[in-house]
Amino acid sequence: MDRKDFSDLEEQIRVTVENAFNSIDFTGIKNNVYEKTESTLNDVKTSFKRASENFNRNMEDLKTNINVTQKHIKNKQVYICKKPKGKVSGIVYMTLGTIGSVIFAIQLIVFSVFSSIWNSFSILSSISLGVLLAFFTGSIFMTFRGASLRKRIKRFRKYVHCLKGRSYCLIKELGDSVSKSEKYVVKDLEKMIHKGMFLEGHIDKEETYFMLTNEVYQNYLNSQEALKLRKEEERRNEELKEEMNDPQKKELREIIENGNYYIKQIRKINDCLPEENISNKLYRLEKIVAEIFKYIEKNPNKLSDVSKFTNHYLPITLKLVTSYKELNEQLVQGENIKTAKNEIEKSINLINTAFENLLDDMFEDVVLDISSDISVLETLFKQEGLTKNDFEKDMNEK
């Protein structure tokens with residue numbers, strides 16, 4: 001191959017390479033690389049920003065929680081006396097008591113030594129000895145009093161520390177903090193509350209919890225009342241279940257409820273009547289009916305005796321009383337209305353008398369039982385010679 005052939009081959013290679021490079025879109029590659037780089041940087045920036053925001057948010061939440069906790073504890077500190085009684089006086093008592101005890105003890109020793117040496121116990125020396133003993137005893141008392149006050153202050157601080165910002169705490173937990181029994185802690189807390197060391201302190205009825213604020217104590221009382229109502233409701237439900245299985249109890253409950261309804265209706269109508277005469281009669285009627293149902297509730301075996309009373313007499317009575325109210329509300333009180341009202345009043349008198357007799361008849365068995373008991377007692381007394389006649393007879397025989 002000659003040189004010319006090589007030149008042609010070189011030219012072909014150059015042209016091929018040049019065409020290949022020309023066919024490549026370097027601008028597109030550049031833009032593509034730029035876009036990918038920009039996207040990556042943006043992703044990194046976004047991730048960093050999110051991480052930074054999350055970090056800042058967490059720090060803010062932590063700061064808020066700390067502030068809330070501090071505020072909560074600070075609020076609870078409001079109910080705790082900052083200068084409790086005994087904090088200063090305890091130190092004063094201990095200091096003066098200790099100094100006085102030492103001084104008067106030395107004086108007593110010196111006085112005793114000199115009196116022993118001189119063998120002279122005059123009236124004046126006896127008085128002096130008594131005065132020194134009194135001051136020494138007083139100093140000892142002050143020392144113990146100061147120590148007692150200081151111990152109470154220490155227990156008070158331990159109680160406060162045990163609360164840890166809470167508004168209530170178990171008495172047992174407070175007792176463990178001062179190594180004392182629950183009974184001791186209750187009395188201790190009562191003294192502190194009385195002296196104003198816990199400004200709004202309370203102890204529950206069972207002496208189980210100590211409550212720092214009136215609000216918490218009121219919530220406790222409300223919860224106890226709710227518990228009481230719930231237990232009462234459960235008891236009523238149990239009674240209802242028993243009544244479902246016991247027809248007599250069910251019948252008794254229905255009759256009592258029915259009776260209460262009639263009593264309320266009579267009272268309601270009575271409140272609307274201004275006339276004193278009819279009002280007094282209705283008050284008497286209400287009282288008699290209430291006594292009848294009270295007796296029935298205590299003596300369910302008498303249910304059959306009041307069937308007509310509950311099913312007929314009371315409905316008719318209520319109808320008459322209601323009619324009287326309606327007639328009384330008429331603006332024009334004509335002769336017919338007045339006559340009807342008078343008839344109803346007479347009927348109510350008759351009803352009251354009949355209901356009183358019904359109530360009296362219910363006590364017939366009671367009277368018989370009482371008479372029987374009295375007869376038995378009289379017989380026993382006669383057998384034992386304890387009656388008046390037997391006693392007089394024995395006296396005459398003697």
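Placement of Cβ uses the backbone N, Cα and C atoms for every residue, glycine included.
What TrEMBL annotates here:
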COILED    217-250  coiled coil
TRANSMEM  91-117  transmembrane segment
TRANSMEM  123-144  transmembrane segment
Handout entry: Residues of the parent chain within Cβ reach of the coiled coil (217-250), under 8 Å, 6 or more residues beyond its termini
Key = 168, 200, 202, 204-205, 209, 211, 300, 303
Problem - Average model confidence [pLDDT] within the coiled coil (217-250) - result: 83
